[in-house]
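Enquirer: To start, I am sharing the structure in question, which I have written as C-alpha cells.
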Amino acid sequence: MQKYISEARLLLALAIPVILAQIAQTAMGFVDTVMAGGYSATDMAAVAIGTSIWLPAILFGHGLLLALTPVIAQLNGSGRRERIAHQVRQGFWLAGFVSVLIMLVLWNAGYIIRSMENIDPALADKAVGYLRALLWGAPGYLFFQVARNQCEGLAKTKPGMVMGFIGLLVNIPVNYIFIYGHFGMPELGGVGCGVATAAVYWVMFLAMVSYIKRARSMRDIRNEKGTAKPDPAVMKRLIQLGLPIALALFFEVTLFAVVALLVSPLGIVDVAGHQIALNFSSLMFVLPMSLAAAVTIRVGYRLGQGSTLDAQTAARTGLMVGVCMATLTAIFTVSLREQIALLYNDNPEVVTLAAHLMLLAAVYQISDSIQVIGSGILRGYKDTRSIFYITFTAYWVLGLPSGYILALTDLVVEPMGPAGFWIGFIIGLTSAAIMMMLRMRFLQRLPSAIILQRASR
C-alpha cells in the first residue's frame, strides 16, 4: 500500500503544475473572447469562428510532438541522457516542418469560412484576418511544445506552468494594444487578438529556451556538438509514435465540433444548454488530462529503468487517483448543476436543459477519466497506434452514430434532442475506457523482455 501512496504523491506533484498550465492556457482563450467582445459582437464572433478552425489544426501538431515526452522519459530512466539532446533537435525540425503545413492550411481557411451558409461578409473578413494574424504564432507554439516536452519528459512540469502564466500576463496588455490601437499600433479589433496571441506564443517559447539554457539540471543534455541536421530515422520514429496521438486528438476535437453543428438547427435553447454543459465538462476534463500527462512520464521513466512492475504500479496508481478525482467532480457536478448553469445564463429554459445535461456529464466523468489516463499509460508504453484505433472506434463508430440515432431519429425512442448526443458521449467514452483497459492489461501481461524491448525502440 505504501508504494501506491508514494507513487500517488509523485504523480500529483507532476500533475498539479500541468493543471495550472492548462488553466492559464484556457484563461488566454477566455481573455481573447471577452476583450474581442468588448470591442464588438462581430469581432467576438470572428474570434470564435477563427478559433474553431485554429484548434483542430494546431492540436494535430501538438499531438504529433507529444511523442517526445515518453521518448525522453524512457531515455532519462535508462541513464542514456546523452541521447536526449538529439531527440529534442529532431523535435524542433519536425515542429518546423509541421508548422509550415499548418500555416498553409490556415492561410487558405478563408475558403471554408466564406462558404459557410448565410455568413455575414464583414464577419467572414474579420475571421480570416484573425486567422492570418494568428497563424504566424504556429511555429512559436509548436517550438514551445518541444521545449516543454523536453522538460516534462525529465519530470519537470513547473516550467510549463510558469511559462503559461507569463503568457497570460503578456496576453492581456498586448491584446489591449492591438485591439484598440494604442502606443502607435493600428486599431485591429478582433484581428488584434490574433496578433497578440501569436506574439505571446513566441514570448513563451523564448522564455522556455532561456530557462532551459540556465537550468543546471539540464546542463548535460542541452549541448550537442556540431549542427544537428534532420535525421530521417529519428524523425520517422517520432512520427510513428506521434501521428496516432495527433489523429486521436483531431478525431476528438472534430467529434465535438460535428455534434455542435448537428445541435445548431434544434434552436437557441438547445444550443445554449448544450454549450454550457460542454464548456463546464471541458473544465473538469483538465484534471484527468493533466494526470494522464504525469502518468506518461512516470510509466516511461520506470520502463527506462527496466522495471515493468514499477511501471504497472505507476499505471494503477494513476487510474486509482483519476477515478477518485472523477468521483469527486461528478458529485460536485450533480450537487451544484443548477447553480453552475446560472453562472452562464439566467434563462430558465436554458438553465433547466443545461442542468439535465450536466447529470449525463457527471455519469461519463469516470469513464472519461479512465480513458484519458489509459491513453496516457499507453503513451508511456509507446503503444500509440492502439490509441488511434480505440479513439476512432469509440467516438466515430460507436459514440457519434448512437448519439445521432437517439438525438434526431425515432429508430429507438422519440428524438431526444441534445440529451441523445450526450448519451452517445457516454457510450463512446465508456467504450474507449473499456478498450484502453483491455489493451493495457494485454501489454502488462507480456514478458518483461518484450515490454522493455518495445519501450526502448
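Cβ atoms here come from the backbone N, Cα and C positions, even for glycine.
In case it's useful when we look at the structure, here is the feature table from Swiss-Prot:
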{"type": "TOPO_DOM", "residues": "1-10", "note": "topological domain 'Cytoplasmic'"}
{"type": "TOPO_DOM", "residues": "32-52", "note": "topological domain 'Periplasmic'"}
{"type": "TOPO_DOM", "residues": "74-92", "note": "topological domain 'Cytoplasmic'"}
{"type": "TOPO_DOM", "residues": "114-126", "note": "topological domain 'Periplasmic'"}
{"type": "TOPO_DOM", "residues": "148-159", "note": "topological domain 'Cytoplasmic'"}
{"type": "TOPO_DOM", "residues": "181-188", "note": "topological domain 'Periplasmic'"}
{"type": "TOPO_DOM", "residues": "210-242", "note": "topological domain 'Cytoplasmic'"}
{"type": "TOPO_DOM", "residues": "264-275", "note": "topological domain 'Periplasmic'"}
{"type": "TOPO_DOM", "residues": "297-313", "note": "topological domain 'Cytoplasmic'"}
{"type": "TOPO_DOM", "residues": "371-386", "note": "topological domain 'Cytoplasmic'"}
{"type": "TOPO_DOM", "residues": "408-417", "note": "topological domain 'Periplasmic'"}
{"type": "TOPO_DOM", "residues": "439-457", "note": "topological domain 'Cytoplasmic'"}
{"type": "TRANSMEM", "residues": "11-31", "note": "transmembrane segment"}
{"type": "TRANSMEM", "residues": "53-73", "note": "transmembrane segment"}
{"type": "TRANSMEM", "residues": "93-113", "note": "transmembrane segment"}
{"type": "TRANSMEM", "residues": "127-147", "note": "transmembrane segment"}
{"type": "TRANSMEM", "residues": "160-180", "note": "transmembrane segment"}
{"type": "TRANSMEM", "residues": "189-209", "note": "transmembrane segment"}
{"type": "TRANSMEM", "residues": "243-263", "note": "transmembrane segment"}
{"type": "TRANSMEM", "residues": "276-296", "note": "transmembrane segment"}
{"type": "TRANSMEM", "residues": "314-334", "note": "transmembrane segment"}
{"type": "TRANSMEM", "residues": "350-370", "note": "transmembrane segment"}
{"type": "TRANSMEM", "residues": "387-407", "note": "transmembrane segment"}
{"type": "TRANSMEM", "residues": "418-438", "note": "transmembrane segment"}
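Walk me through the surroundings of each of these features.
Expert: Through the fold, the topological domain 'Cytoplasmic' (1-10) approaches residues 298, 313-314, 316-317, 320-321 of its own chain, all at least 6 residues removed from its boundaries and within a Cβ separation under 8 Å.
With a threshold of 8 Å between CB atoms, the same-chain residues lying at least 6 positions outside the topological domain 'Periplasmic' (32-52) that come near it are 113, 116, 120, 122-123, 126-131, 134, 171-172, 175-176, 179-180, 189-191, 193-194, 196-197, 257.
Mean model confidence of the topological domain 'Cytoplasmic' (74-92) amounts to 87 (pLDDT, 0 to 100 scale).
With a cut-off of 8 Å between Cβ atoms, the residues of this chain six or more beyond the topological domain 'Cytoplasmic' (210-242) that come close are 63-68, 70-71, 81-82, 84-91, 93-94, 147, 150-151, 154, 156, 159, 162-163, 382, 384, 457.
Within the same chain, residues 3-4, 7, 10-11, 14, 69-80, 152-153, 155, 157, 376-377, 379-382, 444, 448, 451-452, 455-456 sit at least 6 positions outside the topological domain 'Cytoplasmic' (297-313) and bring their C-beta atoms closer than 8 Å to a C-beta of that stretch.
Sequence-distant contacts of the topological domain 'Cytoplasmic' (371-386) (same chain, at least 6 residues past either end, Cβ-Cβ under 8 Å): 66-67, 69-71, 73-74, 240-245, 248, 285, 288-289, 291-300, 303, 311, 314-315, 318-319, 322, 394, 429, 432-433, 436-437, 439-440, 443, 451, 454-455, 457.
Residues 262, 266, 270, 423 of the same chain, all 6+ positions outside the topological domain 'Periplasmic' (408-417), place their C-beta atoms under 8 angstroms from a C-beta of that stretch.
Same-chain neighbours of the topological domain 'Cytoplasmic' (439-457): 74, 78, 237, 300, 303-304, 306, 308, 311-312, 315, 374, 377-378, 381-383, 386, 390, counting only residues six or more beyond its ends whose CB sits under 8 Å from a CB of the stretch.
Proximity of distant same-chain residues to the transmembrane segment (11-31), defined by a Cβ-Cβ separation under 8 Å and at least 6 residues beyond the stretch ends, is recorded for 51, 152, 155, 157-158, 160-161, 163-165, 167-168, 171-172, 175, 197, 200, 283, 286-287, 289-291, 293-295, 297-298, 314, 317-318, 321.
Long-range neighbours of the transmembrane segment (93-113) within the same chain, counting only residues 6 or more positions beyond its ends whose Cβ lies under 8 Å from a Cβ of the stretch, are 49-50, 53-54, 57-58, 60-61, 64-65, 119, 124, 127-128, 131-132, 134-136, 138-139, 141-143, 145-146, 228, 230, 235, 238-239, 242.
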Enquirer: May I ask you to check whether the transmembrane segment (243-263) and the transmembrane segment (387-407) make contact, with contact taken as at least three Cβ pairs under 8 Å and only pairs 6 or more apart in sequence counted?
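Expert: Counting Cβ pairs under 8 Å, at least 3, so yes.
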Enquirer: Against the transmembrane segment (314-334), which of these stretches has the most C-beta pairs under 8 Å: 127-147, 276-296, 350-370, 387-407?
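Expert: If we count Cβ pairs closer than 8 Å to the transmembrane segment (314-334), 350-370 scores highest.
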Enquirer: Assess whether the transmembrane segment (276-296) lies in contact with the transmembrane segment (189-209), where contact requires at least three Cβ pairs under 8 Å among residues 6 or more apart in sequence.
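Expert: No; fewer than 3 Cβ pairs under 8 Å.
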Enquirer: State the non-local partners of the topological domain 'Cytoplasmic' (148-159) in its own chain: residues 6+ outside its ends, Cβ under 8 Å from one of its Cβ atoms.
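Expert: Sequence-distant neighbours of the topological domain 'Cytoplasmic' (148-159): 14-15, 17-18, 21, 65-66, 68-73, 75-76, 84, 88, 91, 208, 211-212, 215, 217-218, 293-294, 297-298, 300-301.
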Enquirer: Which residues, given as numbers and ranges, are at least 6 beyond the ends of the transmembrane segment (160-180) yet have a Cβ under 8 Å from it?
Expert: 17-18, 20-25, 27-28, 31-32, 35-36, 39, 43, 144, 148, 151-152, 186-193, 195-197, 199-201, 203-204, 207-208, 211
